[in-house]
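A short worksheet on the structure shown next.
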Amino acid sequence: MSALSEGLTQILIPLASLVGIGFAVLQWFLVSRVKLSSQDSSNGYKQKLIESDEEEEGINNLEISIKCTEIQHAISVGATSFLFTEYKYLGIFMCVFGAIIFLFLGSVKGFSTKSEPCTYSQGNTCKPALANAIFSTIAFLLGALTSVLSGYLGMKIATYANARTTLEARKGVGKAFITAFRSGAVMGFLLAANGLLVLYVSINLFKLYYGDDWEGLYESITGYGLGGSSMALFGRVGGGIYTKAADVGADLVGKVERNIPEDDPRNPAVIADNVGDNVGDIAGMGSDLFGSYAESSCAALFVASISSFGISHEFTAMSYPLLISSMGIVVCLITTLFATDLFEIKKVSDIEPSLKRQLLISTVLMTAGIAVVSFFALPSEFTLFNFGTEKEVKNWHLFFCVAIGLWAGLIIGYTTEYYTSNAYSPVQDVADACRTGAATNVIFGLALGYKSVIIPIFAIAIAIYMSFSLAAMYGIAVAALGMLSTIATGLAIDAYGPISDNAGGIAEMAGMSHKIRERTDALDAAGNTTAAIGKGFAIGSAALVSLALFGAYVSRAGIKTVDVLTPKAFIGLIIGAMLPYWFSAMTMKSVGSAALKMVEEVRRQFNTIPGLMEGRVKPDYANCVKISTDASLREMIPPGALVMLTPLIVGILFGVETLAGVLAGALVSGVQVAISASNTGGAWDNAKKYIEAGVSEHAKSLGPKGSECHKAAVIGDTIGDPLKDTSGPSLNILIKLMAVESLVFAPFFAAHGGFLFKFI
């Protein structure tokens, strides 16, 4: 028996969630102190941003504050409008796919309402298949709604904080950093706490019906992960197409052709670009990491439910994944204080070390937290289901599994930082390659991306081998959870980047001094690196989550072994390995098509609007926003359909073995392509920023802005934009989503799949 009682477990999990929500509200309150006050102004604005007493000479005036308010409002309205339009389409999808889940799973036993023998708990009876259909559909809808809420709240917080970060930059880089990081922490803690709370409440409500049938209960709960990831896919792809179409259009015409600064208010695509940062890098990323968390939790819970925990109804031991997440919220809360209260950012060079310190501190503290949870929540010895056999496991085995995942995540994070930060030689070499033009820049960038895959793959491989050796598939599932246990800190670091990027854009558009722009650029450059680290975590955890879900699918589908030498499995393997390339081709082309329209529109406005280049008239921002919105909503459907329909088509037509091959192939191929794409794009972006900042003699020799070398770097950056912000991050959702969808539909595929092979 566990040392921790069931009653105390029932208190600790929701308490940790409420503490996380409370801490998020506190951080929001602190950010809101840089406040919008209800003072009328002569320009007709009802609100203006309060100005500090410590302003720099020549920039503290009412006009600057009003401009910041106006720009912030335009970005917020644009982002909100896009998300509401996107969510209308997703609402239709949720209803249709929810109906498919119900019909497919209900038809397994002909919509029977009779109890049936349990699959794993021999001799016992479980609830009917119809109950699984109903509750899986409910769980799917709950996961989808929580994912949508996570993305929306993140976007609202980011658009609330961007102008406040800009104004705080007038007091110094430290004040601006704290505002941006606290805003990111609001999103991180809200997402982690809401995800945990909804999952916990869902389990307890489902238990009212299922009672002692934990096998059926936790099988239906897997729908929660499916709902979270399906929304994340469309959010990531749609938001990624939106932001990159605007970014590429703004950069190619503004920087390369017209030689005007980034975020110059004369550029028609600049508002769309800033809106895109919020709908893609904030809302999409929030939904993505929520999906990872939901799937890793569901995978661990399902595997545990068919082991001794579930059969003997040990609630505390079953809730081990939720207790790990609860401990993660507490650890991240302590870690955040190191960035906002215990250490002060005094100069630009302190920013990146402070963010990296967050990763290290949270990992060290969480290791101790895992030990505490493993000792108190788990029996000293228990058995786990291992593909038809039982494996004896000790509680310290699971401690090592979670810790291995946690530290593997840190290694992936630091490796990503090495290959994407302009403080190190790989990115500096890419920048140096710009001397001879865009072609050599692209060659060096691609080589860097391919090379950056090596260490993360070894880290993932070691984590898989060790965790599987210690605790079978359950070990891999909790290793994935370990990698995501510090999700609140990871999200805070990740969201900090787009907030800082927006702050810099607002400073430029509001006409603030060069000194302020330098500070916001420094915040943004560090944010670019940390965003790449966040993507590395998401991809690494996706590999472990997908493998755990794959194991759960194989068990649920009744497959004894997956033999790649059989034709059925091998054709699935090779098709699965192709899918990430097909998906990437679709998303890259979508960004290219949208960017083409954006470039043409920006050129048209510069060529046909008199006085635009001189700054006498405003450009038509709304038309560029419309181009990005229309393109993203239209173009997100085909890639989404590819991912959602593939498991259904393969499972129905070719059966469970071929589908197992597809999942394995997509996992192996997708992880490599995702890491390479994300790191290549991140390196090109920071190579451009390295040249623009000119902080070293080497960087100065490559610049200044507008030089041929800088133009070559901008071209590399625009090629990398869809790689790092659309295709790369979306691929980790592809491999997770196909795996969890296969698990949810496994009973149907096992009963009625392989339709085509019956006639061959």
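One-based numbering along the chain as shown.
Placed from the backbone N, Cα and C atoms, the Cβ positions cover glycine too.
Keep in mind that TrEMBL annotations are predicted by a computer and have not been checked by a curator.
So that you can see what the record holds, here are the features copied from TrEMBL:
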TRANSMEM  12-31  transmembrane segment
TRANSMEM  89-109  transmembrane segment
TRANSMEM  129-155  transmembrane segment
TRANSMEM  318-339  transmembrane segment
TRANSMEM  359-377  transmembrane segment
TRANSMEM  397-415  transmembrane segment
TRANSMEM  442-465  transmembrane segment
TRANSMEM  471-493  transmembrane segment
TRANSMEM  537-559  transmembrane segment
TRANSMEM  565-583  transmembrane segment
TRANSMEM  642-668  transmembrane segment
TRANSMEM  733-757  transmembrane segment
| task | With a Cβ cut-off under 8 Å, give me the same-chain residues at least six positions beyond the ends of the transmembrane segment (318-339) that come close to it. | result | 4, 9, 12-13, 15-17, 19-20, 23, 27, 178, 181, 185, 188-189, 192-193, 195-196, 199-200, 214, 218, 293, 296-297, 300-301, 304-305, 309-310, 354-355, 357-358, 361-362, 365-366, 369-370, 372-374, 377-378, 398, 402, 477-478, 481-482, 484-489, 492
| said: Against the transmembrane segment (89-109), which of these stretches has the most C-beta pairs under 8 Å: 12-31, 442-465, 537-559, 565-583, 733-757? | reply: 733-757
| said: Short question: most Cβ pairs under 8 Å with the transmembrane segment (129-155), which of 12-31, 442-465, 565-583, 642-668, 733-757? | reply: 733-757
